[in-house]
Structures are given as structure tokens and as C-alpha cells.
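Novice: Please read through the structure below; I'll follow up with questions.
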Amino acid sequence: MQRFIKWLAVITSLDLLIVLLGGALVTKTGSGQGCGKSWPLCNGEFVPSNLSMETIIELSHRLTSGSAGILVTLLCILSWKYYKHVRETKTLAILSFVFLVAQALMGAAAVVWGQMPAVLAIHFGISLISFASVILLTCLIFEIDQKFDARSLIMDKKMKFHIYGVTIYSYIVVYTGALVRHERASLACPDFPLCSKNRPMPTQLHEWVQMGHRVAAMLIFAWILYAMILAIRHYKQQPVVYWGWIISFILVTLQAVVGVLVVFTNASLAMALLHSLFISCLFAVLCYLVMLGTRIKVNAKEAGSTSKQTK
């Protein structure tokens, strides 16, 4: 059974990643109304008779979201049953399921009633939490933390602050990026790093949205760079922290490069999807560091109780 659960966890993680990228594809191609205003049917039909490209994209996104719902539910039930001895299992299972349902309902509401771009931008963030929760659940199932000897992890308050702070801030950056997509502001500023050679400062809403995201992205790049330097200097003996920040910096660098290429490739589809891919992976890595950070007090308590028993 455990082998089956491991396969299920991997397939579920991949399915949720496809859901995230599929949502970005729907937004990028303007396929949100590919099935009209009907849900769960498509243009009022179970199998649509008129298949335009927008319909195919929207319908595919709905099907992958539906399969993800089934897989996440099954994974939550089995992990709850067979891995309940791991303290984070129940919390992650609940988060995975609740946020997946929330993003599905929000997606349906957007189709039927429509939503403001500011509200639609939350949709990607909700999906991202579900994805990260499933990734962490998968890590627990594969006992990744034991391979890194996470029980002996030592971390000072400064490093924990950076882990929690960057993770929370990354979610804000994700929202600003999603807002850029939903406001159709990807090409509002045709130059980089300033908005335009003729007008370096933004003058209207779409330009402010675009430049706001750029500033937020530059700040997270600098923050992760600083945290990585700290990890390299002081955490070489803690591989999970050391490599966690190095991987995070690689991902945020790729994210930044692709973000610039989005501007200079006229917001090509490939760059837009890579932009969503890298931020999804980065958020998952940061959430894993958060999970380990929450264990520090537990590890300390366990060590304290053990020493008392020894005395």
C-alpha cells in the first residue's frame, strides 16, 4: 500500500502542477469563456459540439482540475490513515483539500458570474497553496526529511525570520504577478528595468500594476540572495537549509530572467508558462523550509524531555 501511496503522491503533484499551468494558459489565451457561462457543462453540453481552441483549453483545464480533485481526496484519505504518526500529515491533508475545493469554486464563480481582476488574481494563489501542501505531503511520504536528518536541525531566530518572511512575501509577489496577467498588463511597460525610455515612471493603472510587480520581484530577489549568503556562511553543516536557500536562489533567478524575457518576447506563451512554473516550484521549496522551521521548537522540547528523563 505504501508503494501505491508514493505513486499516487507523485501523480497528484504533477496533476496539480498541470492545473496551475493550465490556469495560466487559460488566462494568457483568454479562454476563460471558452465554455460560455455554463458550469460544470461546457456551452450547455456534456460534450461540446463546437470545439474552438478556447473551448479545448478551458475544457482541458476543467478536466485536469476534476481529476486533481479526485486524486487529492484519495491522497488525503490514505495519508491520513497510513501516515498519521507524522505530525504535519493531517494539517497538510486538510490544506490540500480545502484550498483545492476553494479554487474550484472560485473558478466556477468566475465563469458563471465573472469577477474583477483583483479577485481573479487570488485564484492562482489559492491553487498554489494546495499545490505546495501536496508537495510537502509527498515529501513526508517519501521521508525526505529523514534523509536530511531534519530532527537534528538547528536554526537561529534570524534564519527563521528570513524563512517565514520570504515565504509570506513571496505570496504577495505571486498576487502582484497574477494581477498583472488578469489586468492584461504584461506589456504595459515595453522597457526594462524602467517602464519606458520616454516615460521612466508609470502614468496609468496598467503601468502601475506592472511596475509594482517589478519592484516586488526585485525585493524578493535581493532578500533570497541575502538569505542564501547567510546559509552558505553559517549553515554548511545543515544541508537542508544550505541547499534549500541555494535552490531557492536558482529558482528566483530563473524567475527573474524569464520575467524580463516576457517583456522582450512580446509576452510569448512559453515564457508566461515558465514564469508560472518557476514561482510554483520556488513557493513549494520555501514552504518546505517553513515546515522544517516549525519543527525546531518541537525538536528542542523532545531534546529537553529526553535530557530530563536521563537525569
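Heads up, residue numbers simply count up from 1 along the chain you see.
From the backbone N, Cα and C atoms, a Cβ is placed for every residue, glycine too.
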Novice: Looking at E183 and H85, does Swiss-Prot assign them to the same side of the membrane (meaning the same named topological domain)?
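Specialist: Result: no, H85 and E183 do not share a side in Swiss-Prot.
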Novice: From the disulfide entries in Swiss-Prot, identify which of C139, C189 pairs with C195.
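Specialist: As annotated by Swiss-Prot, the paired cysteine is C189.
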Novice: What's the number of neighbouring CB atoms sitting within 10 A of the CB on C189 (disulfide bond)?
Specialist: 23
Novice: Near E58 (active site), which residues of its own chain have a C-beta under 8 A away, given they sit six or more steps off in sequence?
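Specialist: Long-range Cβ contacts: V26, S31, G32, Q33, G34, C35, C42.
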Novice: Among the disulfide-bonded residues C35, C42, C195, which residue has the fewest other Cβ atoms within 10 Å of its own Cβ?
Specialist: C195
Novice: Hey, how far is H61 (heme o binding site) from C195 (disulfide bond), Cα to Cα, in Å?
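Specialist: H61 (heme o binding site) to C195 (disulfide bond), Cα-Cα distance: 33 Å.
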Novice: Under a three-state reading of DSSP, tell me whether C189 (disulfide bond) is helix, strand or coil.
Specialist: coil
Novice: Which range out of 7-27, 63-83, 244-264 gives the transmembrane segment (212-232) the most CB pairs under 8 Å?
Specialist: 244-264
Novice: What counts of helix, strand and coil residues does DSSP assign across the topological domain 'Cytoplasmic' (1-6)?
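Specialist: Here the numbers are 5 helix, 0 strand, 1 coil.
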